[in-house]
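One structure is given here, and the rest of the page talks about it.
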Amino acid sequence: MSTTTVNQTDCPDVNVPDPLFFTIGVVSLAENLLVVVSVILNRNLHSPMFCFICSLAAFNTMASLTKTWETLMIVFANVGQLEKKGSSEMQLDDVMDSLLCMSFVGSISSFLAIAVDRYITIFHALRYHNIMTMRRTKAILGVIWITCGVSAVLMVGFFESKFIMICFVAFFVVSLAIICFLYFYMFMLARIHAGKIAALPSSSGGKFGRQRWRGSSMRGALTLTILFGVFVVCWTPFFLHLILLMVCPMNPYCECYRSLFQLHVVLLMSHAAIDPAIYAFRSAELRHTFRKMLLCSDCKQRS
């Protein structure tokens, strides 16, 4: 995304080698594809939460593919195989920017959907399967993908407009606030409920069952909180770049921060590579599925 301006400071632009971009892109692409395929193949993972996680991995896959593609185009342009300002190259650049915007909006939307799903799981456990049916989950995912596609096209088509840039940043800030509120509210209520359950007599198996359910749900919420924290750390520098671009486009101190733009992009790409590692670390079912796929354990059993 073209968000840099002419540098008028003594701070030189920090350039990241193209092989590093390419390596991170390929690794994150492979990891997220593995998550998507695992969720599709393993019926035990066919639940609303893992559907939303699969959607998040799909958006990460899109971001990784886009940056890998863009890196290859830059390499070809540097060796004279592509025109940097050719009409077809500019159109491809717009497509890649649209996909990158779509992956960002989709990631935030997926996190929001996951936060709501975790809230319902913990505090409406008895009605969860009636509220979060697979039909509703598919409808929510359909709305997310269509909305993200339309938003991405509008963002790229009118990105020079300050109104669009403000909307882009506002969406990020408001979504962060909503998700943080949901998780804070979730953990506070869970703590209160845990105290009440601990004070009850220990003779009821049903109470222990509900306690185990809530404990499992809270572990899932903790995993998603870690994922969301990584998302915030990796994406915030880029959005600070956009904010500074709006409020102080020619200020030398702001430009000094914007000279780190390529490092911000590395953080964006690293986010897509870190997420699958968190899935595998926190989910035993996903780890088991990864091992079966990578080691081809079914093939060995047949042989």
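Note: Cβ is positioned from N, Cα and C throughout, glycine not excepted.
Per TrEMBL, the feature transmembrane segment maps to 20-41, 48-66, 95-116, 137-157, 163-186, 220-247, 259-281. Feature annotation from TrEMBL assigns domain 'G-protein coupled receptors family 1 profile' to 31-279.
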Chain residues outside the transmembrane segment (20-41) and at least six past its termini with a C-beta under 8 angstroms from it: 50-51, 53-54, 57-58, 60-61, 63-65, 67-68, 71-72, 75, 265-266, 269-270, 272-273, 275-277, 279, 286, 289-290, 293-294
Region pair the transmembrane segment (137-157) / the transmembrane segment (259-281), three or more CB pairs under 8 Å: no
Cβ contacts under 8 Å made by the transmembrane segment (48-66) with residues that lie 6+ beyond its boundaries: 24-26, 28-29, 32-33, 35-36, 39-40, 96, 99-100, 102-104, 106-107, 110-111, 113-114, 117-118, 121, 132, 134, 137-138, 141, 144-145, 148, 220, 227, 268-269, 271-273, 275-276, 279
Recorded stretch, among 95-116, 163-186, 259-281, maximising Cβ pairs under 8 Å relative to the transmembrane segment (220-247): 259-281
Folded-back contacts onto the transmembrane segment (163-186), same chain, C-beta under 8 angstroms, at least six residues removed: 101, 105, 108-109, 111-112, 115-116, 118-119, 122-123, 154-155, 221, 225, 228, 232, 235, 239, 242-243, 245-246
Across the domain 'G-protein coupled receptors family 1 profile' (31-279), average pLDDT on the 0 to 100 scale: 79
